[in-house]
Amino acid sequence: MMPGHEKRVLSLDGLRGLAALIVFLYHVDIMVKPFGAGGPSLFPGTASVMVFFILSGIVLSLVPFKHMGNGGYDWLGYYPRRVVRLCGPLFAAIALALPMGYVAWRLGSTSRSALAVAYDAGLPTAVHDILMQFDVLFNVSDGVNNLFGAQLVRVDSPVWSMSWELWFSLTLPLAIWCISRIRRTSLAVVATFIAVLVSHWTGYFPLRLCLMFWLGVMVARRFDKFKAVKLSILAELALLVASVGVIELSLVWHPGGVLEALKSTAMNAACLVVLMFTKKWSE
């Protein structure tokens, strides 16, 4: 029989697959535009990415936390496995997208995929742009803009989230070390969401994206305690419905300013609630 901690990892991987599917449908929805240009999306793509990041923090941290005080975790074996698992499919997707982007450019498309490589600017520039497509470590963004505020230019724009997955994976030992020394996880979670609010308010997206992963690591550290929380069915349903409502509201309500930051932070918190209850009911 499979050990309990491995069962948890598999069930959480299933939730990550569901979140990835919603993100895929979100991108299809963007292309189809069923409500016309500027209309709301049918799928909560941003929320699903946040769920994906939190889940990554949980899934990657459960086993290292289990081995703390038991000989330690095999970090030397972890790194090559994780990098190959992430970068292999990622580079393959980019390599497949490049010729498709070239065809789109030749057909006169003005999409991001078609304009990601400046084929008409000379060979050195074209080669530079192609190499930049494979820079998944430093060419980070929030899916729209890069760190310097310029528009994201990728032949396969959805891979932006995988750049963060790679950063999360490389810095996992630091996250484990820091969070294992936190005495009051509840206060750390509150501080995390305050920092997320600041991130939304200022527009500095690396802070909130990294903290979603660290939030998952916090959950992994107290995983059994979170599972042991008992609420009535009505209370659980009320929390779940309210959280889904907050996520859906974030798709159609854009007040701007501080209210926008508060709304977006509430959406991030709702993602955590939905994740925890979905995980609990999937067991």
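The backbone N, Cα and C atoms fix where each Cβ goes, and this holds for glycine too.
Note that TrEMBL annotation is computational and uncurated.
Among the features that TrEMBL reports, domain 'Acyltransferase 3' is placed at 10-255.
Long-range neighbours of the transmembrane segment (12-30) within the same chain, counting only residues 6 or more positions beyond its ends whose Cβ lies under 8 Å from a Cβ of the stretch, are 41-45, 48-49, 51-52, 55-56, 58-59, 158, 161, 275, 278-279, 282. According to TrEMBL, the transmembrane segment annotation covers 12-30 (among others).
Taken from TrEMBL, the feature transmembrane segment covers 42-63 (among others).
Here the transmembrane segment (83-105) has long-range neighbours at 111, 113-117, 119, 130, 133-134, 136, 155-156, 159, 162, 165-166, 169, meaning same-chain residues at least 6 beyond its ends whose C-beta is under 8 angstroms from one of its own. Taken from TrEMBL, the feature transmembrane segment covers 83-105 (among others).
Counting same-chain residues at least six beyond the ends of the transmembrane segment (164-182), those with a Cβ under 8 angstroms from any Cβ of the stretch are 53, 56-57, 60-61, 64-65, 68, 75, 78-79, 82-83, 86-87, 90, 136-137, 140, 188, 209-210, 213-214, 217-218, 221. Per TrEMBL, the feature transmembrane segment maps to 164-182 (among others).
The feature transmembrane segment is assigned by TrEMBL to 188-219 (among others). Cβ atoms under 8 Å from those of the transmembrane segment (188-219) belong to residues 50, 53-61, 140-142, 147, 164, 167-168, 172, 175-176, 178-179, 182, 226, 258, 260-262, 264-265, 268-269, 272, 276 of the same chain, restricted to positions at least 6 beyond its ends.
The feature transmembrane segment is assigned by TrEMBL to 231-253 (among others).
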**Item:** Outside the transmembrane segment (42-63), six or more residues from its ends: residues with CB under 8 Å to it
**Value:** 5, 8-9, 12-13, 15-16, 19-20, 22-23, 25-27, 29-30, 34, 73, 82, 143, 161, 164-165, 168-169, 172, 175-176, 209, 212-221, 223, 247-248, 250-251, 267-268, 270-272, 274-275
